[in-house]
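Q: Take this structure, written in C-alpha cells, and hold onto it; I'll ask about it next.
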Amino acid sequence: MMIAIQYDTGCPGQCNGKGRCVNSTCQCNDGWTGTDCSIGSCGACVNGVCDSGFCVCTVGWEGTACDQKATCLYVNNCTDEDHGVCYKTNRCRCLPGFVGSDCSIVATCFNVSDCSGHGVCVDFDVCKCDSGWAGPNCTEFSCERLAACSGHGQCKGYDVCSCDNGWQGDSCALPDCSSNNDCSLHGVCTSPHTCTCYDGYHGENCTAMKNCTSLNGCNNHGVCAAFEGNNTAVMCRCFEGYRGDTCDTV
C-alpha cells in the first residue's frame with residue numbers, strides 16, 4: 001500500500017531554510033523574521049551592536065545575542081592577559097610579540113636586528129616599526145608625518161626631507177621657481193621652474209609687460225593677458241560690457 005505524503009508548498013521562498021512552513025505561513029527560527037524569514041533580527045545584543053539585522057559581538061562574547069562569554073580553556077586561556085585575549089571559544093587573539101594558538105610563544109626577531117630599537121617584534125622576524133621608522137629592521141626613516149616627502153624627495157632624517165630639484169617645503173609638496181626669480185611677484189609657480197603669469201605680464205620670469213599692440217591695445221576696454229599655458233602669446237581679456245578679440249564690440 002502506498003501512502004501519499006503532502007507537503008505545504010505555500011510559504012514564500014519556503015522560509016529560506018530558516019523557519020517552518022505552517023498553514024502557508026513561515027514560523028521563523030530565533031534570530032530571523034519577515035514573511036519569508038530572510039531578515040535578521042537582532043534582539044537584545046547584550047554585549048555587542050546590531051548591524052544589518054545581526055549582532056556583532058564585543059571581543060570575548062559570542063552567541064546570537066552576544067550573551068555567551070567566550071572561553072579558552074583548551075588553549076590555556078591565552079596564557080596570560082598580557083599575551084592575548086579570548087575573542088571566541090578556544091580562539092585567542094595574540095598581542096604584539098606573542099604567537100601560537102595559546103599566545104604562549106614569544107616571537108623573536110634575531111634576523112632583523114631585533115627591530116633596532118625602533119619597533120616591536122610581532123611575529124618571527126617581522127617588525128612593526130614605531131612612527132617615523134620603516135624597513136624590515138626599522139632602520140630607515142619614513143617621514144610618514146610628511147607624507148613620505150610627497151614623492152618628490154628623500155627622507156634623510158626623522159621627519160626631515162631632502163627635496164628633489166624643482167620642489168620645496170617641509171614635505172616637498174610645493175613647486176620651486178627660485179630659478180625663475182619666483183615669478184617676479186607677477187605670477188604663481190604652478191610646477192617646477194614654471195610660472196603662470198598674471199594678466200599683463202609674460203615671459204619665463206613674468207617680468208615682461210604685455211601691451212597687445214598687435215591687438216590695438218585692447219582699445220582700452222580690457223587687459224592684455226597670456227594664453228593659458230603659453231606665456232609668449234597674448235590675448236585681450238575684456239572688461240565687463242565689451243567683447244571681441246580686441247574688446248571693440250559692445
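Glycine is no exception: its Cβ is also placed from the backbone N, Cα and C atoms.
From a predicted model like this one, the values you see are computed outputs, not experimental measurements.
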Q: Which residue in the list Cys86, Cys103 does TrEMBL annotate as forming a disulfide bond with Cys94?
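A: Disulfide pairing in TrEMBL: Cys94 with Cys103.
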Q: Taking 10 A as the limit, how many CB atoms besides its own sit near the CB of Cys129 (disulfide bond)?
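A: Cys129 (disulfide bond): 20 neighbouring Cβ atoms within 10 Å.
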Q: Short question: which residues 6 or more past the ends of the domain 'EGF-like' (173-207) have a Cβ under 8 Å from it?
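A: Residues 147, 150, 152, 163, 165-167, 223-226, 228, 231-232, 234, 237 contact the domain 'EGF-like' (173-207) from elsewhere in the chain.
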Q: From the DSSP assignment alone, can you count helix, strand and coil residues within the domain 'EGF-like' (173-207)?
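A: So the counts come to 8 helix, 13 strand, 14 coil.
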Q: DSSP-wise, what's the residue breakdown of the domain 'EGF-like' (208-248) into helix, strand and coil?
A: 8 helix, 18 strand, 15 coil
Q: Summarise the model's confidence over the domain 'EGF-like' (173-207) as a mean pLDDT value.
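A: PLDDT averaged over the stretch: 89.
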